[in-house]
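**Q** Here it is, the structure in full.
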Protein chains: 2
Amino acid sequence: MTERTLVKNLAAREDGTVTIAGWVETVRDQKKVQFVILRDETGSVQVVNPATRESDGTNDAAVATTEAISGLTTGSFVRVTGELKHDERVKLGGIEVKLASLEVASLAFPEPPIADDSSIDKRLDWRFIDLRRPEQNLVFRAQTTFEHALRTWWVDNDFIEIHTPKLMASASESRAELFEIEYFEGKAYLAQSPQFFKQMAQPAGFGKVFEIAPAFRADPSFTSRHATEFTSVDAEISWVDSHEDVMAMHEQLLVAGLQAVKDKHGDAIKAAFDVDIVVPTAPFPRIPLAEAHEILKAHGYEVPRADGDLDPEGERQLSEHVKETYGHEFVFVTDYATGIRPFYHRRHDDDASLTNSYDLLFNGVEISTGAQREHRVDVLIAQAEEKGMDPKELEFYLDFFRHGVPPHGGFGMGLQRVMMLMLHQPSIREVTYLFRGPNRLLP
Amino acid sequence: MTERTLVKNLAAREDGTVTIAGWVETVRDQKKVQFVILRDETGSVQVVNPATRESDGTNDAAVATTEAISGLTTGSFVRVTGELKHDERVKLGGIEVKLASLEVASLAFPEPPIADDSSIDKRLDWRFIDLRRPEQNLVFRAQTTFEHALRTWWVDNDFIEIHTPKLMASASESRAELFEIEYFEGKAYLAQSPQFFKQMAQPAGFGKVFEIAPAFRADPSFTSRHATEFTSVDAEISWVDSHEDVMAMHEQLLVAGLQAVKDKHGDAIKAAFDVDIVVPTAPFPRIPLAEAHEILKAHGYEVPRADGDLDPEGERQLSEHVKETYGHEFVFVTDYATGIRPFYHRRHDDDASLTNSYDLLFNGVEISTGAQREHRVDVLIAQAEEKGMDPKELEFYLDFFRHGVPPHGGFGMGLQRVMMLMLHQPSIREVTYLFRGPNRLLP
């Protein structure tokens with residue numbers, strides 16, 4: 001392995017020989033001296049080389065190096081060994097590396113296919129180059145930290161990690177937006193969510209489970225927050241009394257995740273995105289959906305939906321109200337009407353028109369749905385029929401409730417939405433490693 | 001939330017009121033006293049209730065409780081509040097709970113559909129009941145610990161977690177064993193591995209990446225170690241000099257994972273499976289493939305394959321040899337012949353018939369393939385053509401190498417195989433949450 005020093009660690013090193021490796025950001029090829037800005041995954045540094053333009057018979061190596069630098073294209077990957085020098089006059093971090101030897105690992109094609117002002121679509125065509133931008137690198141470092149903090153919280157709290165199958169014999173929730181697969185002699189479907197299978201962990205006696213995994217929706221939308229494949233963050237726990245228990249878990253998890261991101265990347269995120277990561281205080285505000293409508297009305301906004309659900313503008317305005325009133329970036333909107341919730345959400349004991357469920361909004365956008373599940377199989381069947389579903393197609397799922405099952409609940413949360421809203425990005429495309437949409441399967 | 005005490009924590013508590021919750025393992029309904037063995041995700045405990053069979057006008061609640069216990073079916077989920085008593089005479093852990101109140105959350109159908117001696121196929125039909133067995137619970141707790149240790153190692157070593165898309169426009173490695181999806185007006189394919197996309201992180205300048213995610217193979221095999229969907233553990237790192245750097249990372253990772261499993265579950269695994277978790281010492285033994293054949297020959301085994309790859313029996317015997325010779329459960333078989341490796345494996349600089357690659361065997365079975373990748377695009381194209389592939393179909397992948405890319409390498413490892421071999425299980429079916437095979441998509 002090349003023993004290389006990461007650029008971020010150069011400043012703390014004493015002057016002396018170092019090897020660095022990364023890609024060429026710019027070359028300034030002056031007559032007497034050459035400058036290369038080399039970037040790696042942690043930062044960029046200036047490499048300097050006195051140009052040797054003419055051979056005098058004894059300086060062939062120096063001439064070759066000079067010519068190699070002259071030939072360097074933006075994006076080429078190189079290894080440089082040289083003398084690290086601290087020098088306050090150097091704008092880029094007060095250090096530079098005086099080149100002793102250069103190894104070109106891979107020369108990039110001369111013309112980079114995208115520039116800083118390329119459209120998002122063009123950038124996605126060349127996502128692997130787009131990802132070289134330091135802000136993009138930071139997105140995925142922050143995401144790594146966020147996810148690891150969630151998992152660590154779960155592990156510390158005795159949750160079991162599960163890997164539910166994405167191949168299913170039938171629909172997970174509805175036949176709409178379902179991808180169909182040729183499966184040997186028959187058909188299979190791609191799971192839209194791990195919903196049924198994470199619930200299965202409850203009659204299995206697993207108690208508390210989590211999963212972070214892909215989910216698939218054949219959704220023809222082209223909005224800033226929809227994709228045909230996304231990363232779903234899921235948890236499900238036994239012995240809840242209501243959705244309140246799920247929310248209590250959910251908010252602790254987000255506190256842990258955002259605390260970790262703030263601790264590790266707070267300054268870098270401020271510098272790159274001008275965003276202050278705020279660690280939320282628990283409990284998060286909770287507002288029943290009916291009350292949310294009253295609040296919006298009082299703000300002069302009437303949600304233009306017949307079904308009573310919030311629309312994106314309603315979510316935005318409600319979040320604004322919550323931020324003004326409670327100084328909080330999150331809000332649980334609770335007690336959704338039965339008509340706009342899936343059949344497996346448990347209803348209030350004293351009012352079947354309302355469910356033990358919630359949506360979680362973060363900076364104006366829904367990131368998650370959670371609920372207590374209906375675990376009484378007779379009620380579950382009745383609710384499925386009421387929604388026009390055929391219980392026969394749900395047999396494998398209904399079986400989970402026939403051989404003993406504890407009361408339970410959980411949530412599913414879109415990871416890319418969380419990252420988009422955490423970093424104030426305009427679209428999940430900016431925070432997805434490789435976005436997938438109706439028109440995008442490449443690269 | 002029901003404040004319940006986990007069964008594993010009862011022994012350490014003082015006598016007094018407790019609430020426990022779980023499922024009914026057995027009921028002994030004697031005339032004067034009733035015993036219920038209640039199990040939760042951490043263990044089982046005896047609940048005792050003096051039977052009150054006849055009403056005297058003042059004891060209706062007691063009679064009702066007695067009748068409820070008489071009606072309990074195996075697998076029913078219940079909550080019990082009662083008095084914890086330490087009593088050495090109680091065989092099950094020296095404790096019992098004297099019942100004060102019982103709440104039946106869900107009554108199981110009278111006949112459990114499977115028994116301890118049911119076939120594996122029958123058990124998989126009712127996997128959620130099969131998973132209630134304490135050994136099954138332990139499998140997934142151990143897996144949770146193992147995965148978390150891997151991820152912690154990666155995070156501590158500055159890796160970035162990626163979520164590569166499972167929906168692809170074309171084949172990831174070969175057209176064989178590929179699931180096809182109806183994708184709006186066209187077709188898509190399910191990723192057989194994150195190979196191409198984790199490599200993409202290298203020209204993206206991510207340096208070191210990991211992913212644990214599903215992978216899909218339309219493989220019609222019915223062996224103990226194949227599935228159509230499995231969990232792939234992947235890592236890819238920049239600036240490797242050869243596959244040796246990948247192996248060095250790989251073995252450190254496994255040391256961390258097995259150490260964590262031994263620390264947390266070593267005793268339980270010994271008790272449940274009679275298996276001693278061995279933390280391997282690094283470096284693991286390394287044996288070039290050609291030498292492996294010599295060793296097998298010396299043991300009197302000639303591998304019956306024309307292509308020079310090892311067969312399962314060869315892998316088993318080689319592992320046995322390594323265990324006897326080096327006392328090691330792992331062995332890297334290195335320098336595979338070019339003919340049995342994919343086009344993107346880098347070949348030896350001085351011998352194009354051999355690749356910078358390895359397979360890792362664990363207790364006699366291959367769990368992983370790793371390699372240095374070919375990053376020189378002209379060589380890569382030549383190698384693809386040599387394998388009969390059409391570079392035009394690989395354009396999006398070849399682009400990754402045209403705009404600058406560092407030398408890199410990585411591995412993919414089957415999580416379920418690791419767990420099978422770690423716990424000495426006969427099949428990955430036993431350690432997969434919900435197995436998927438050519439004939440199995442349910443539940």
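Along the chain as shown, residues are numbered 1 onward.
In case you wondered, yes, glycine gets a Cβ from its N, Cα and C as well.
Pulled these from TrEMBL:
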BINDING   A:Glu173, A:Arg217, A:Thr369, A:Arg373  L-aspartate binding site
BINDING   A:Glu366, A:Gly414, A:Leu415, A:Gln416, A:Arg417  ATP binding site
DOMAIN    A:140-443  domain 'Aminoacyl-transfer RNA synthetases class-II family profile'
REGION    A:195-198  region 'Aspartate'
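Surface or core, plus neighbours and distances: that's what I need for these features.
**A** Secondary structure at A:Arg373 (L-aspartate binding site), as computed by DSSP, is strand.
In the three-state DSSP reading, A:Leu415 (ATP binding site) counts as helix. Neighbour list (A:Leu415 (ATP binding site), Cβ cut-off 8 Å, at least 6 residues apart, same chain): A:Gln143, A:Glu147, A:Ile212, A:Phe230, A:Thr231, A:Ser232, A:Val233.
Over the region 'Aspartate' (A:195-198), the average per-residue pLDDT in this prediction is 97.
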**Q** Taking DSSP states H, G and I as helix and E and B as strand, how many residues of the region 'Aspartate' (A:195-198) are helix, strand and coil?
**A** 4 helix, 0 strand, 0 coil
**Q** Return the residues near A:Arg217 (L-aspartate binding site), defined as same-chain residues 6+ apart in sequence whose C-beta is under 8 angstroms from its C-beta, sorted by sequence, else 'none'.
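**A** Correct list: A:Glu177, A:Gln192, A:His226, A:Ala227, A:Thr228, A:Glu229, A:Phe230.
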**Q** Could you measure between A:Arg373 (L-aspartate binding site) and A:Gly414 (ATP binding site) for me? Cα positions, answer in whole angstrom.
**A** 20
**Q** Could you say which of the binding-site residues A:Thr369, A:Gln416 has its Cβ with the most other Cβ atoms inside 10 Å?
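**A** That would be A:Gln416, with the most Cβ atoms nearby.
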**Q** Please report the number of other Cβ atoms within 10 Å of the Cβ of A:Gly414 (ATP binding site).
**A** 23
**Q** Work out how many Å separate A:Thr369 (L-aspartate binding site) and A:Gly414 (ATP binding site) at their Cα atoms, rounded off.
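**A** Each residue's Cα considered, A:Thr369 (L-aspartate binding site) and A:Gly414 (ATP binding site) end up 9 Å apart.
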**Q** Around the ATP site formed by A:Glu366, A:Gly414, A:Leu415, A:Gln416, A:Arg417, list the extra residues of the same chain whose Cβ is within 8 Å of the site's Cβ centroid.
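**A** My list of surrounding residues reads A:Arg225, A:Phe230, A:Ile367, A:Ser368, A:Met413, A:Val418, A:Met419, A:Met420, A:Leu421, A:Ile428.
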**Q** Could you list the residues of the same chain, at least six apart in sequence, whose Cβ is under 8 A from the Cβ of A:Glu366 (ATP binding site)?
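**A** Correct list: A:Leu310, A:Glu315, A:Asp359, A:Leu360, A:Arg417.
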